[in-house]
Amino acid sequence: MSYLLIGWLLFIYFGSAFWRSILVYLFKTKHSLLSHDNWLKFYVVGVFFTGAGWGIAGGGLMPPEGFVQQTFVMLMIFGVTAAANTLYSPILSVYTFFLIIALAPLSIWLLTHGGLYVLLGFLSFIYFAVLLSTAYYTNKLILSSLVLRFKNINLGSIKKLLEKKVAERTNELKESLAITKSAFESTADGILMVTLDNKIKFYNKKFLDMWGFTSEFIKTTDDEKAIQHVMNQLINPDEFVSRINDLYLNPNQDSFDELHFKDGRIFERYSKPHKLDHKIIGRVWTFRDITERRKMEKKIAYQANHDALTGLPNRTLLNDRIHQGITYAKRFHSNLIVMFIDLDNFKDINDNLGHGAGDILLQETALRLEECIRESDTVARFGGDEFVLLFLFKNGKEEIKTIVNKIHDSLKTPIQIGGHEVVVTVSMGISIYPRDGQDPSTLLKNADVAMYKAKKKGRNYYQLYDKSMNIHSKKRMIIQNQLRGAIEKNEFFLFYQPIFDLKTSKVISVEALLRWQHPEIGLIFPNEIIPIAEETGFIIQLGEWVMRQACLQNKMWQNQGLRPIVVAVNVSGVQLNRPNFVETVRNILSDSQLDPQYLELELTESAIMSNTKEIIKRLADLKNLGVQIAIDDFGTGYSSFSYLKDFPANKLKIDKSFVQDCTINPNDRSIINAIITMGHHMNLSVLAEGVETESQLRLLQESHCDEMQGFLYGRPTNSDEINELLKNNHFKE
């Protein structure tokens, strides 16, 4: 029996210690992972082992003899089950489970031993009921106490939470108010908030600065004085007051307008109703200073409609002014003059004196043109060196002549530019509304056509538009638009005019002359092709094509066994001014395999007058290469004699204007003799152009002219005809 008792004690002690260790471990390591139900299961297992231990004591370890010892065991079990009431009663089902396990073995033991023990067995059932009822009330008491305790805890937590939330909201509100105030103070707009009864609720510093108020003035001054202070600054104060009154009569209305101040400032004014919970409680006024923006807009608008260099109206404004002029002319039955003005010598001045000088010339010309017109007239810069003048008239063409003469007189006074005296001449083309067009585009186009017609007359002319000019204008447009494609379509070809030696009568050279066989217009000559090619820049490609074709043809004649001759090719100043011109000539000679001595380049005096140092160097390089240089139309250009000594030329070509009247005009004859004498003294050969009569030929022979070219013995013709001529190799005397 003693061994059983020792085993029981060890079970109770070590079992309890082991189970407690497990619970402590789980609590420390798995507390957050285990649910409420899991903890309850662990609790029930522990209660089971505890109850089982006491149940074993009551049923299996009861001493067989000795009532005192038995009574001690019973008292121990009754005491433990009673004491367990306070521990297990919070969960009534667990306590009930414990009582059944702990008391049932004892009650069964008592009932089975008869006598007094049976009575004690029944009493144990009564004791069981008493303990359960006690546990029930204890459970209710503990639960109510816990509920009340948790409620108190919750109330305290809620109070603290509310206090925390209130503090946070208070701080947020303060921060929001600070941000709002900072935003109002940092904005570029003046802000004013008023109530429905016109009491000021808020304003920022910008509002005070914009209107010239002080904080003390706003706080201490009544509304009437404040409004009077505002009205004193405005150009239209009555209009401003009227708008304010209208807003007070219509509080739901939004409002926007501009306020113009006597000192030139301009404010934008915005006004919106101030609402709280959809109810209007006042009005918000916003003022923005847009003075600088308006100035900038005005400046941009001016720049968009005026030329930056001269300050004159540009094409955009000109077009608008022509529309206005047409409207006025219709209403008052008058005529509108559109005068297209182009500076004659602007390119030469720009090239020789520089673009800065060109700008000064345009500015001075603009000022002088403005002096020639009335306040109601318009002078505009159309672009480049072109101006357009607009004016209305009723007195016929005499009024036009008066304006033209006034412009000529104004421009004839020399303009001082960088130490140079520059005289400006202009070509003017005039179209008249309604005779020459019904819209700005047509009037400008026709005035431009008339201006080009005036240019062809020479410098300082004007020309009224005539419908017949459109034929020439259309032809020029066709040439300009189709020029580039003519090479690819093989529409260009060369004619050659023979040049004869006046001593031997032999053909010594030919001049290559460009022709264009246009499919619609027909045959077009160089005097119509070259100017447009130079304007468009196509002269570079066209000039190279002419030179290449001429060199190839000359080489072909040589390959046919004909005596070698020189082929002369006209060169534009645009070509000569290109830095790679010498290299281009060298490449063409190399490709055609023509010896350089059989190529002659003809240059006009005007072509070699610009960029003189560079031109001299290029001509010298060409002459060193073996290419011959001829000065064409000699005597018609600039200061020929002063420039001639500096240029590495081989030949002078006397212009046909001197040859055509040389037999009847002593002056022309003297000029021819002077050119021949000067040329020979400078070791230059001299050629006379435009020889058409026998008398002209004899005079040139008597004057010891070296070569001649003209219709008398050789018109321009194709290469086959030149082939036949070279076989005869002379002209008949």
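Just so it is clear, glycine is given a Cβ too, placed from its N, Cα and C backbone atoms.
These come from TrEMBL:
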TRANSMEM  6-27  transmembrane segment
TRANSMEM  39-61  transmembrane segment
TRANSMEM  91-110  transmembrane segment
TRANSMEM  116-137  transmembrane segment
DOMAIN    334-467  domain 'GGDEF'
DOMAIN    476-730  domain 'EAL'
Same-chain residues at least 6 beyond the ends of the transmembrane segment (91-110) with a Cβ under 8 Å from one of its Cβ atoms are 40, 43-44, 47-48, 50-52, 54-56, 58-60, 62, 74, 77, 80-81, 84-85, 117-118, 120-121, 124-125, 127-128, 131-132, 135-136, 139
Take every residue in the domain 'EAL' (476-730), average their pLDDT values, and give the whole-number result. 88
Tell me the residue counts in helix, strand and coil for the domain 'GGDEF' (334-467), as DSSP assigns them. 58 helix, 40 strand, 36 coil
